[in-house]
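Asker: Sharing a structure with you now.
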Amino acid sequence: MADGEGGWWGGWLTQSFQSVKDKSAEAYEFIKRDLTEFSSVVQHDTACSVVATANAIKSKLAVEGSSETTEKVKKGITNILGVITDTLAPPPDKTIDCDVITLVATPTGTTEVYDSGKARLYSLQADPATYCNEPDGPPQQFDSWLSTFSLEERKAEISELLVSSPAIRALYTKMVPAAVAHAEFWQRYFYKVFQLEQEEARRVALKQRAEQTDHSESLGWEEEDEEGEFLGATSLSRLDFTPPVEESRVPAVTVADTPESSSPPQAVASLSNVASDVTPSVSSDSVSFPTQIENQAESVTIRVTQPSPAADELSQKLSDTGLQETFPEERPAPREETAREDMAQDLRVFELNSDSGKSTPSNNGKKGSSTDVSEDWEKDFDLDMTEEEVQMALSKVDATEELEDEDWENWE
């Protein structure tokens, strides 16, 4: 897990660093472009101001009459202003589209505007080290170039250089043959020119590549912005829906112990969230289940009553005589009201719809009376016993209850 988190952090840091680097490069290019434009504007404004001033002075000097001395001074000032004007604002036919403009003075007293390549060539021609020192770079490269160089083929060019370039002519007259030989002089010169042309070609290629890169990056940023806007406009929100899980219905059972004098121990179980249509089940023969089922409620209460020993004896007697128990038809929703007499606890019967002390609602929704309950009780059970047997069973029950009351009082 740690390795996964480290990889994630490393990838995130790498992406962040790359994004910051790209943004910084873009900002640098913008600043560089702004500075270039600013310098161009300042240079143009300055040139315009100087030209306007020179033209104003020329006009003023032309209007005013002067003596011969004044004419000389005026001519000198006019020449100076003309040089400045031609330098800062050259005519269209002499304008060179380049990054660097160099003003070079000629032996005739005039000036020429050179670009960076021409300026370096002029500097190379006027430098004595070009002819005296060994060529720069690896010797193998110089030997390779020398194998393709022919001095005889350059005679016309050499003659033109000696005529048109006073610097080369002066250095050639001074050095050949005192310092260097004629062949070495021109070999070193043309090799320097060859290296200068290579550097110029590399510079132009780099410039074009930088311009193409800037153009492609600007197009890439525009495409990314448009794509981001399109995706942001058409993206759909995702809704994670989790269906509700039905909670398990767990019955909660509560056991309540009451003194034997009032009622036997009872266990009450409450079942929540149960459907209203519940069919009670029949339990063991030794337990009586008064069950309350409410149709509109969401709970079922089951009360378990422990029988007395007399009830067990009476139950055994009833089973010997072949008592047949008849279950009444299930009623929708009986309701518990009061406790029935002690005899209802002793008779071990299965009650599904009504308790001894509860009124049973009829089919039309009205509550029944205790008389109806007694009649239903008599109809449900037909005891095949004599009157003497019933009296004997009741006397045993009374005796048992008296003994239990005495035991309870003695225990207290």
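Each Cβ is built from the backbone N, Cα and C atoms, and glycine gets one as well.
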Asker: May I ask you to name which of SER165, SER308 Swiss-Prot has annotated as phosphoserine?
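Answerer: Per Swiss-Prot, phosphoserine applies to SER308.
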Asker: Which range is it, out of 93-112, 233-252, 253-272, 273-292, that shows up in Swiss-Prot as region 'Disordered'?
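Answerer: Spelled out, Swiss-Prot records region 'Disordered' over residues 253-272, not the other listed ranges.
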Asker: Against which stretches of its own chain does the compositional bias 'Basic and acidic residues' (208-217) lie, if we need a Cβ under 8 Å and a gap of at least six residues from its ends?
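Answerer: Same-chain contacts beyond the flanks: 26, 29.
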